[in-house]
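Taken from TrEMBL as is:
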- 102: substrate binding site (BINDING)
- 141-161: region 'Disordered' (REGION)
- 142-155: compositional bias 'Basic and acidic residues' (COMPBIAS)
- 144-155: disulfide bond (DISULFID)
- 204, 312: Mn(2+) binding site (BINDING)
- 226-229: disulfide bond (DISULFID)
- 277-381: disulfide bond (DISULFID)
């Protein structure tokens, strides 16, 4: 049974879903058929089963909490800033924070282990290219490089649409995001029956003190104020914007800074696994904008406030392009002004919604930036969609969750 056939799309994407443990059958995680795990991979798989820490400090989660997932790679200075900002978020002790690591890096691990302000669970991508030093999905001795001709060089690999072979460091971005999504929604004991929204942030997102309270309001107002909205965002889709400052809510194209959606939307995304896994772009977000969202058949709007509650400050790594007068990081410090208005919820339930139509940005027809042409990456990506998947669909109770 497809969820979007049991009710209207707008009502489903805005309602939190009750799921009985008797209505679903879970397949236990299995090893993707393409990979022979190494010792570190096996060890990380086991660590993913460890319960959250700080249960002695926060034994119970507040009803209707919004789970927060922070996905990280290896930028410890950035991570420390994000963790510090989260520690000042109003309501953070009420929820579960999941930190998803792309591989294992000891300094990153130590920072997360120091968190004391909420329940926190760590998960590590056990099939990350960063933990396979001499085999796929890392660098294999027989891999083609750059624009090698596989026949001439007798090497392994399928080039992208521009003739370039895979870079393990680059493809890890998309692999990690997709593995994380499948694991969080369908694989973890702590979240696979979660009926509400899940908020996703990155290691270079500075989170304002009012972010959690604002997100609670947005997820509650979404069904009433914007039936066509699939998600809620803490920040504008234009990363350089700090918001309009209007006394209204804003509906626009879904952004990639502080975004939250529910299980119904995840099911729609998961159903497009084949398109996601074969689209020739190493960026997960561009893939979503260019092929997954357009396949839904209607514009994919998100609801947000008119004043940002999160800022992308990344200046190094793969994300570039911030101006000097915007949030940036120098010598381990981040230059972000937090006004008094940003310390408390600043969204009003009585506000109307102003919608942006026909926004610029990636959309259907864009062919991708490449970097994702290797058939092995496509196959591994598809396997991730299977390892934690729900095997049997039976009718779900789609009643809206009432506080």
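Using the three backbone atoms N, Cα and C, a Cβ is placed for every residue, glycine included.
Curation does not apply to TrEMBL; its annotations are automatic.
Shown on the structure are the features that TrEMBL records.
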residue: 102; record: substrate binding site; Cβ neighbours (10 Å): 24
residue: 144; record: disulfide bond; Cβ neighbours (10 Å): 21
residue: 155; record: disulfide bond; Cβ neighbours (10 Å): 16
residue: 204; record: Mn(2+) binding site; Cβ neighbours (10 Å): 25
residue: 226; record: disulfide bond; Cβ neighbours (10 Å): 23
residue: 229; record: disulfide bond; Cβ neighbours (10 Å): 29
residue: 277; record: disulfide bond; Cβ neighbours (10 Å): 21
residue: 312; record: Mn(2+) binding site; Cβ neighbours (10 Å): 22
residue: 381; record: disulfide bond; Cβ neighbours (10 Å): 23
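Residues in the region 'Disordered' (141-161) partition by DSSP class (helix H, G, I; strand E, B; coil) as 4 helix, 2 strand, 15 coil. Closest to residue 312 (Mn(2+) binding site) in space, going by CA atoms and restricting to the recorded positions 102, 155, 229, is 102. Between the C-alpha atoms of residue 204 (Mn(2+) binding site) and residue 229 (disulfide bond), the distance comes to 26 Å. The recorded positions shown are 102, 144, 155, 277, 381; of these, the one with its CA atom nearest the CA of residue 229 (disulfide bond) is 277. Among the recorded positions 102, 144, 155, 277, 381, the residue whose Cα lies closest in space to that of residue 226 (disulfide bond) is 277. Within 10 Å of the Cα of residue 155 (disulfide bond), not one of the recorded positions from the list 102, 277, 381 places its own Cα.
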